[in-house]
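Asker: Shown below is the structure under consideration.
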Amino acid sequence: MYKYIAKYFLLEKVYLFCRATALWSLGIGAVSFLLVAYLCLFILPSDATQSEVYRILFVHVPSAIFSELVYIFMAVNGFIYLVWRTKISAIFLSSAINIGLAFTALVLVTGALWGKPTWGTYWVWDARITSTFVLLIQYIGILALKSSFNSKETADQIVSIVAIIGAINIPIIKFSVEWWNTLHQSASITFSGSSIDAEMLYALPLMILSFAFLAFFIFSRNIQIEILSRNSNTKKVRELLNG
Amino acid sequence: MIRKNRANRIYLICTFIFAAVAIVYFVLQAMNKNIDLYLTPTQAKSGQYEIDGSFKLGGMVAIDSIETGSELDVTFVVTDFKNSMTVNYSGVLPSLFKENSGVVASGFYDQDAEIFVAEEILAKHDENYMPIKIEVEN
């Protein structure tokens, strides 16, 4: 089975796949983002208690989802890399770091901007906000670690270990609003349903999709850079760049 | 031989993860009381928490309890539906502050007057999002 999966993840195949799909992903992502943003800003009804300011939810929630998903993706790839020593997993891990960092920064900034008019403050050190802030520090730390070693292999191993251990923070972020008293409200969307009215809710998955396309564009460009820079002195790379 | 190494690495990583989870669990257990952003009236009155200095009190604003005094003075009752505490505040309230809605007040408890004197009021928003129209119909 290992060989069966591995043949789809040959560096060259991944590189060519990324090169072929990146711009499509950017196009679909940008167009759908503009359309859904118009829908969220002008077509959806205002909220009964928060009126217009609730619309920031459509950036806040997708960012929050991706800030955690990207980290899980990194930890899983770190695990695969440490066990099977597959170079592509290390490349996937390194290529995802700055995307996760951007989403985490975005979720904190949109949260603060939403917090001022609703709660009355930009920032409180409650469990949800503090644990998300810790996630931001984790991303910054991993990004710094990645470029702190002379040997790529050492860097990959250390980054994988740190990513795996840091994944403990993900369930803490998720359940912080249930385990402790927080200012942040508990989840609106659970397995038993949604407490966001259906008239507003349908825009959220659309926004999540358009975020996914935009993130994939950056991700595939990062992968291309990683593959090229790691193999810059091989004949194949010179051929790829020329052809 | 290679397969055996691979299995060993899996065990090693799992041991590390288990150890890290255990450490974080115990640290969080030890910090549990400090992680809570606020105390509910029940917690504040239980005697298990330090309430001599300033702390944050959180709960729901009891229905029909908001009394506005002169200027910006306001008195209301914070309840967790088991216990309640009277809160006095002088200042601008956040726009989401209303009856039967969440609130977090920071200040100190005046033991003699049995009143919580708040210096800052934050409104807690719940997880419900609803268009204006629907609420009017209800």
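Every residue, even glycine, has its Cβ placed from backbone N, Cα and C.
Heads up, TrEMBL stuff is auto-annotated, nobody curated it.
Got these off TrEMBL a minute ago, pasting:
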BINDING   B:HIS125, B:TYR129  heme binding site
TOPO_DOM  B:1-9  topological domain 'Cytoplasmic'
TOPO_DOM  B:31-138  topological domain 'Extracellular'
TRANSMEM  B:9-28  transmembrane segment
Asker: Using DSSP and three states only, what is B:TYR129 (heme binding site)?
Answerer: strand
Asker: According to DSSP, how is the topological domain 'Extracellular' (B:31-138) divided among helix, strand and coil residues?
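Answerer: With helix first, then strand, then coil, the topological domain 'Extracellular' (B:31-138) has 16 helix, 46 strand, 46 coil.
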Asker: Taking every residue in the topological domain 'Cytoplasmic' (B:1-9), what is their average pLDDT?
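Answerer: The average pLDDT of the model in the topological domain 'Cytoplasmic' (B:1-9) works out to 78.
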